[in-house]
Amino acid sequence: MAALGAYRCIECSREAAELYRDYQRGVLRISICASIKDLTSITIHPGNKFAMDTEETKGTSTVKHKSCQKPVDKYIEYDPVIILINAVLCKAQAYRHILFNTKINIHGKLCIFCLLCEAYLRWLQLQDSSQNTDPDDLIRYAREWDFYRMFGIASLEQTSFLVGIFISLWWMRPEMLKTKSDFILLLKALLLSSYGKLLLIPAVIWEHDYTPLCLAFIKVFVLISNSQAIRVTLNLNRILPWLAIFFGLILESGVVCLVQKLRWDV
């Protein structure tokens, strides 16, 4: 059995010691959200027949918080496509499953790929505005350097946005970000929830008159995903995450103005 707190209930965000218990021969027992002194589970038999099975350990300790008495993580039986659809719909349960009950460590690679997508979009817009069609090697080298420059600018703006969120959350709720692991978990949640930036590539490939509108919708979707990630990770209400995102956008806008003033984006 894993240590208490290794997992989270996707319904109420309570800590759980395990998601399921395997008794071999095709019998699994899915854990039910309960107190430390109550071990409640569902028995799964071949043929998708479910039976409720409740056990209570002996002890004199009292339960301080009532649990939701629902399966800790129903998504462990779901197909990854279903989980992805629920994540796209910004369901808190899907976010808790991904962040707390899985070992997904692609947030770094996903961040780099999203930045590459954004840099490519900016680089493409920069090339469209350029009238120079000289195929000289120096020109090609300059265009390649423009892409690296756009990647650096996109990275700087993304960093400023994240720093703004961390500063505002630390200022509003310092008790939520006490340890290094708290910062790492929140950073992972924010990077994973920015997966919507991958839609930038199809928006550019299928370019049409509504491309600016599509880009605006992608931006809004990413911000909504970021808000849900903050809310799920720190167990906050709906207002504080949006305040943190608003402060992050202000800091990001300041960096954008600085870049434009220094003419780095030209």
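From the backbone N, Cα and C atoms, a Cβ is placed for every residue, glycine too.
Annotation comment: TrEMBL describes 150-171 (among others) as transmembrane segment.
Summarising the annotation, TrEMBL assigns transmembrane segment to 183-206 (among others).
Taken from TrEMBL, the feature transmembrane segment applies to 239-259 (among others). Proximity of distant same-chain residues to the transmembrane segment (239-259), defined by a Cβ-Cβ separation under 8 Å and at least 6 residues beyond the stretch ends, is recorded for 153, 156-157, 160-165, 167-169, 172-173, 223, 226-228, 230-231, 265.
Tertiary proximity for the transmembrane segment (183-206) is limited to same-chain residues at least six positions away from its ends with a CB under 8 Å from its CB atoms, namely 95, 98-99, 104, 106-108, 110-111, 113-114, 117-118, 120-121, 124, 162, 165-166, 169, 177, 214-215, 218, 221-222, 225-226, 228-230, 232-234.
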